[in-house]
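Residues annotated as domain 'DNA polymerase III beta sliding clamp N-terminal' in TrEMBL: A:1-127. Feature annotation from TrEMBL assigns domain 'DNA polymerase III beta sliding clamp central' to A:137-251. Taken from TrEMBL, the feature domain 'DNA polymerase III beta sliding clamp C-terminal' applies to A:254-376.
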Number of protein chains: 2
Amino acid sequence: MQFIIQRNRLINSVQHVMRAVSSRTTIPILTGIKIVADSNGITFTGSDSDISIESFIPVEEDGDQLIEMKQTGSIVLNARFFGDIVRKLPMDTVEIFAEDTQHVLIKSGKAEFNLNGFDPSEYPLLPQISEEDVFSIPGDLLKMMIKQTVFAVSTSEIRPILTGVNWQIEDGNLICVATDSHRLAKKSSPIDVPGDVSYQTVIPGKSLLELSKILDDSDHPVNIVITENQILFKTKNIHFFTRRLEGNYPDTSRLIPSDYKTNITLDGKVFNDAIERASLLAREERNNVVKLASQGENMLEISSNTPEIGNVSEEIPIESLQGEELTISFSAKYMMEALRAIDGTDITISFTGAMRPFIIRSEEDPSILQLILPVRTA
Amino acid sequence: MQFIIQRNRLINSVQHVMRAVSSRTTIPILTGIKIVADSNGITFTGSDSDISIESFIPVEEDGDQLIEMKQTGSIVLNARFFGDIVRKLPMDTVEIFAEDTQHVLIKSGKAEFNLNGFDPSEYPLLPQISEEDVFSIPGDLLKMMIKQTVFAVSTSEIRPILTGVNWQIEDGNLICVATDSHRLAKKSSPIDVPGDVSYQTVIPGKSLLELSKILDDSDHPVNIVITENQILFKTKNIHFFTRRLEGNYPDTSRLIPSDYKTNITLDGKVFNDAIERASLLAREERNNVVKLASQGENMLEISSNTPEIGNVSEEIPIESLQGEELTISFSAKYMMEALRAIDGTDITISFTGAMRPFIIRSEEDPSILQLILPVRTA
């Protein structure tokens, strides 16, 4: 294998596939990046047990020659050393020459690295995915839907299924739901599939987080293929594989109350800042609890109390309160994360009493819903 | 105690004195910031066993009223909570009202914090320093002299004196020297003292690092008072106290060779980049060793070899080599830190043989010298 490649493109591909490489793997070859050079271009692959990422650089793109291919072939190189080396190379082009697996020369200008490689035939094969059932989502929408739900997955392995985001496609909509059983995030969006197509799958939260870091903010389509065990996300030059989580995702629709006793509409930014201040003294408590108490139709009081440190209270204006007056306590962390996901100017919070879950919605964007379970306080 | 203060100035002072507050102290009151309000203004104090910092905000400055003083007094508040609170307050002014030590109100707009305080009479007194022996250094020069030497102090407590920087004033010059016995950094500068004044003191490296973070890049004078146990650095509104290290600093002048067998002059940036690349594969080795080998009068080879990973070599151009050809090995980390301190375009490295310490100097600035002991290799 021997080729000359543009350094910037090489850095970019290596950074992408390194997201799938774990330094803690017990399988030595998975600490490496597989490089396969054929007449069309070069494919880089990184993988751990959950995620595999392929990044392809074509020999030529839009009339620019990106690679001068001297000899096709393949090699596996230690991901961390290879990544460090390509970032620090002195010139804009790099020559890589794998004489055999133990002698790989990386050359740029006067700098020459000889790296020991691994035998590429020992690298595990990625799943072969037939492309029958493909649908597509604009990249920026996909990135947004991940961001608005993935933070709410469970970090505990007690119920593994809750570490994933539930994706459901029906009636031409994609509905994403994540919950750790203390709060829930839900986002839906119409997507371009026939109305009679329906899927349901649970995708690991960690996989979606890594995927969202690779996606850019353009509306270029991401093609998605769901198979029995795997899901493949395909952009122009990247293939991102993740395993599906096994098991039945709980029916969360019953969690979401349908009638409300109190509806409060207010400025999300003002509310978030007050919650953040109220949480300052409470943050070392396990639950980081703040209290919300309505004060008539124009005002809320946000407060918290940590006896050994002190207490804080703040009155903030609201646009409206409809229904019963209310006092309720909840996790400041969950509320701030929900508000960050909604990211709207005006929000409405709908309560069904101090001991029942409440929901937060954006006045501008009805497609997103956040739910939080209150905390029982003395 | 009761006053209204501009929030930005408050944040600034709290950030400065927090540099002296350690969260790991075993003395509860030292987790706090002492606030003393008198008719002139407010003094904030933070302290641990090594460093104490006072920051003063006057009632009025340059015709601007910074503080509305309602009642003088004093209090001690938990540094971390107080710091978090003032950063997050909603308005540009803050009212602080200490009714008694257990009830301190911090109010900004509609946000009200009640914080438990400490009794200020229990806060340790700072050393009273008579201001007989004062000299002064421009702040930017002081900051530079710290930066160019402090990184070379020892991090090991085996010889505590080496964890400090040796300051010597004689013949109107300040000479700063730091060494961990594997490398040495030395910087001298003329300062504004009478020629017959001489001092010698060793200042903890950690204290100098914190001091350099507080100093701005202006040439406003910093007044320095050296007493038997303490040193005080005074800027317009900040007093920075540090203890002196006890013990005799070793005579480092004999370490620095005076005649050389090989002098190499080259571009510091080109050299640094090649060292950095050569160190990429070696960085997990304890010594992170790279090898330099002269190749006639116009070229150097920089290389390293880590058998289980690979090897790297690079030829770089030099401006001149005078004297004997040379092959020598040294720590890449020490070399990169020395080059960062010198920060000059053209540097000269002077060797007295492969087993002897060598020195690195800037062609532009003879006031700085870096010395490194080579590593013996097979």
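For all residues, glycine too, the Cβ spot is worked out from N, Cα and C.
Caution: TrEMBL annotation is automatic and unverified by curators.
Counting residues of the domain 'DNA polymerase III beta sliding clamp central' (A:137-251) by DSSP class, helix then strand then coil, yields 26 helix, 47 strand, 42 coil. Restricting the average to the domain 'DNA polymerase III beta sliding clamp N-terminal' (A:1-127) gives a pLDDT of 95. Residues in the domain 'DNA polymerase III beta sliding clamp N-terminal' (A:1-127) partition by DSSP class (helix H, G, I; strand E, B; coil) as 29 helix, 63 strand, 35 coil. The helix, strand and coil residue counts that DSSP assigns across the domain 'DNA polymerase III beta sliding clamp C-terminal' (A:254-376) are 25 helix, 55 strand, 43 coil.
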